[in-house]
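If you check TrEMBL, you get these features:
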| type | residues | note |
| --- | --- | --- |
| DOMAIN | 18-117 | domain 'Pyrroline-5-carboxylate reductase catalytic N-terminal' |
| BINDING | LEU22, GLY23, LEU24, GLY25, SER26, MET27, THR49 | NADP(+) binding site |
| BINDING | ASN76 | NADPH binding site |
| DOMAIN | 181-288 | domain 'Pyrroline-5-carboxylate reductase dimerisation' |
Amino acid sequence: MSTSTSTSTSTSSPPSPQIAMLGLGSMNGAILAGLLDSAVNPEQVRATTRSAATAVQRAQQYGITVHAEQDDAEANRSAAGDADVIFLGVKPHGIVALAAEIADALKPGAVVVSVAAAISVDMIEAALPQGQPVIRSMPNTPLSVGLGVVGLVPGTHASAQDTETVARLLGASGAVHVIEESQIDALTGISGSGPAYAFYLAEQMAEAGVQLGLDRALAADLAAQTIYGAGKMLVAHQAAGTADAAGLRRAVCSPNGTTERAIHAFDDHGLPAAVQAAVNASAHRSAEITDELRSAD
Ligand SMILES: NC(=O)C1=CN([C@@H]2O[C@H](COP(=O)(O)OP(=O)(O)OC[C@H]3O[C@@H](n4cnc5c(N)ncnc54)[C@H](OP(=O)(O)O)[C@@H]3O)[C@@H](O)[C@H]2O)C=CC1
Ligand SMILES: O=C(O)[C@@H]1CCC=N1
């Protein structure tokens, strides 16, 4: 599989691995929603949360079995021990401890996929049995609606087949890029954190509409549909090689028209620098958390 290219979905019959989702918050929940919308059956999935209240809520939401680690100290080990693919979906500072907790319960060859920012492959591998396949990922929440982006970094013991299995699972709900670990902080700055940038833009567009006298629901719908349509159009044109973002932007700007005035306002208020600073801030924070957690060991 080549570096930084979207995987195409293979035409051979999809695998039906048993899946464990350890932690079922925003990110693992989004992955699960995407999996359940594709070829994965609820019976294939066991999940855990920390608290019983979350477990009950998530079991109802997704129609799967969810156990709370707070109530059942064996919950993570039991779910992981049955699984072929295990998604570690807790906060970064909890990933290594979670990997250590499940280590001797894992089936040999089961693939451990971390979704955490900043936790390097070697940190996870060090907590697991020698030879256990690990894949570090950076997904994003639009996987929940089939429009996600995921970066995958295969670990030392992950085979091409392991990577293909995970790429196929996640590729049903988004674009998958197999990347080098040196690229993952930058990917985090663009696509991992990026949905929040789009949501923030939508918030501000809608707020401006309210300031101009629109009711909030109308302004919010106009902003959301515009970002959705523009994103879909951009993806289609980039895939076809017919236009890029700059070209599509220029096509909306009539000379001396409304959009040209708006883009000048963005430039006058420093939008290009602000966006680049934001992507850099996310990428650098990812690297910084890695350093913090390494030095805490
Ligand atoms: N949110 C995002 O957009 C993205 C997040 N990520 C990564 O995903 C990971 C999770 O983030 P996010 O989903 O936002 O966080 P959330 O707080 O939404 O979810 C964390 C989940 O982990 C559960 N949990 C905590 N400790 C344990 C434990 N010991 N055993 C089992 N479950 C446990 C929590 O249960 P409970 O609710 O009961 O406490 C909760 O379900 C992070 O590492 C983050 O870097 C990556 C890309 C994007
Ligand atoms: O904010 C975070 O740290 C996580 C990682 C990328 C998106 N959310």
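Cβ atoms here come from the backbone N, Cα and C positions, even for glycine.
Features per TrEMBL, on structure.
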{"residue": "LEU22", "record": "NADP(+) binding site", "DSSP class": "strand"}
{"residue": "MET27", "record": "NADP(+) binding site", "DSSP class": "helix"}
{"residue": "THR49", "record": "NADP(+) binding site", "DSSP class": "strand"}
{"residue": "ASN76", "record": "NADPH binding site", "DSSP class": "helix"}
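The binding-site residues considered are SER26, THR49, ASN76; of these, SER26 has the fewest other C-beta atoms within 10 angstroms of its C-beta. Listed in sequence order, the residues MET21, ASN28, GLY29, ALA47, GLY89, VAL90 complete the 8 Å Cβ shell around the NADP(+) site centroid, once LEU22, GLY23, LEU24, GLY25, SER26, MET27, THR49 themselves are left out. Annotated pair SER26 (NADP(+) binding site) and ASN76 (NADPH binding site), C-alpha to C-alpha distance, rounded: 18 Å.
A straight line from the CA of LEU24 (NADP(+) binding site) to the CA of the residue listed as 'NADPH binding site' spans 12 Å.
The two recorded residues, LEU22 (NADP(+) binding site) and ASN76 (NADPH binding site), have Cα atoms 6 Å apart. Counting residues of the domain 'Pyrroline-5-carboxylate reductase dimerisation' (181-288) by DSSP class, helix then strand then coil, yields 92 helix, 0 strand, 16 coil.
Between the CA atoms of GLY25 (NADP(+) binding site) and the residue listed as 'NADPH binding site' there is a gap of 15 Å, rounded to the nearest whole number. For the pair ASN76 (NADPH binding site) and THR49 (NADP(+) binding site), the Cα-Cα distance reads 9 Å.
For the NADP(+) site listed in the record, the two most distant Cα atoms among LEU22, GLY23, LEU24, GLY25, SER26, MET27, THR49 lie 13 Å apart.
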